[in-house]
Ligand code: BES
Ligand code: ZN
């Protein structure tokens, strides 16, 4: 239930175009456009709900059913090169072309298989790049070849890949690379129909230097030997944003029968300890929502530059090392990524504008796992912390950004969908349904939903229809149409939102209030027992600024400056900057340099850029940190700094 991008990033995202805007016209002037272009018939609800403004693909004409990758990993050139072979389902018998999404790829050759098994060259046009969508690749295929192969290589600047020098890794000896495909970055390393409504199985043959272990979102073998030659299979159909690869000095240790951790040797033991409850989490989720359908569930611990907290790549979640704090207090992130194995990977949103179907549902399931495994106190604290943040920020968002989904008849194009609305309002909506229908009936509904739509990609309207039939109509008089409508399409937080109470956090409120009133800090015996969540709440409730003497007192008592807990740091440093507590500047800068996880660092950058001295510190820190940042993080910080220097001029970067 943690919002993935907090207020700060919201500012960046909204500045970059969260209000409805038209997708840019096709750069090559051809007739094919992103499907939510003005030409789309939006009066037809299903077409409107499925229109994906983030992709040039034409899934109503042809669909990739299987992808066979043959790639070589070249650390020196920072390049993946090879081919992608697609097995195609020509949905429209009249169709004559395959349109793929690409970004910064060099396309060398395209061939198509004839019915007699021979391969012919096919002509293709690579359009000029659009800033957000990349370059449309149009392949002429009048014969509707059953298979088409594209030979290509990536750019060293591929937005979906990060290449790390040995110095940027924990071990310091071997280079490292990893992908981050969500939302629309898969196209920067594989030419694809990069829309979640196309699902495909895949195989990959990957070559790499002999000492590099290569992993993918597929059937990784815990006993794989490093020989520079790797084969992968993903037998379940997945959307493109779940395609993932990583390579480096990686070792494996099991945490359970079907789960384990991959990490650099220096990080493996502490990771295994932190994530020891993973098998129990799988069991809890299976008990609630049906079998885990992906075989193994492994986690890959990435270097601190990983731009997200976690990424639910199937069979191999990618995880930030910032949750390894030694006391398992941040493992709800593992519950979250695991939960996506049901909500997101099994039942997938049809377009990124239905983000809440993935993230809201996952945040709800995450909280259920936490409650089952660690108790209601912790689950409620996590709900409250997230909901307080949502309450603080939602009112400042443009009205459309406050809704879980946009009505089918409203035109929306490349809006950035990633806010805490999708996560926390989404989870709250499901908690509301649970409270009205009762846990038993709601669990039955959700389990049925996962089974019914397994391995399908659906728009919000399909969820609504299913909920109407299987909840509202089945148990009449519990939730009205108007309430359903308000939760999904309304702004703000509905009056029907169920509240949770947390006696533990109420004690924290009392402690903070007492300290603010007369400077009496809570007794050590009390704070020694506080969990990370209580500390976060302690800081979240502080006034916008504090006196220097107060900050000094807090630092003397709790040593916030220099904290090793990124969740604490992302709250403490912005408060310190706002309050002019320059003693914390060095530690803040060191934090910004070491960590690349956007959620953790953007709030501090955002406070810094508000004053001329702060802006200077932000710029010098960014200049130092930049070589180690992921392209996604670099784009966010760059945008923020540019906007601060000359508001309204920063250009839109690619979507999250
Ligand atoms: N799937 C998301 C990450 C994501 C979403 C990347 C949209 C790009 C676009 C992932 O499951 C996620 O939500 N990560 C959160 C952590 C989670 C505990 C809320 C994050 O990275 O902060
Ligand atoms: Zn998520």
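Yeah, the Cβs are placed from backbone N, Cα and C, and that goes for glycine too.
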Given ranges 21-44, 45-68, the stretch to which TrEMBL attaches the annotation region 'Disordered': 21-44
Cβ-Cβ neighbours of residue 423 (active site, proton donor) (radius 10 Å): 29
Recorded positions close to ligand 2 - of 337, 359, 423, only those whose C-beta is under 6 Å away: 359
Proximal but sequence-remote residues of the same chain as residue 337 (active site, proton acceptor) (Cβ under 8 Å, at least 6 apart): 299, 310, 311, 312, 317, 319
Greatest C-beta neighbour count within 10 angstroms, which of the binding-site residues 340, 359: 359
Cβ neighbours of residue 336 (Zn(2+) binding site) where a neighbour is any other Cβ within 10 Å: 26
Distance check against residue 423 (active site, proton donor) for the binding-site residues 336, 340, 359, keeping those with Cα within 10 Å: 359
Local confidence of the domain 'Peptidase M1 leukotriene A4 hydrolase/aminopeptidase C-terminal' (502-641) - pLDDT mean: 97
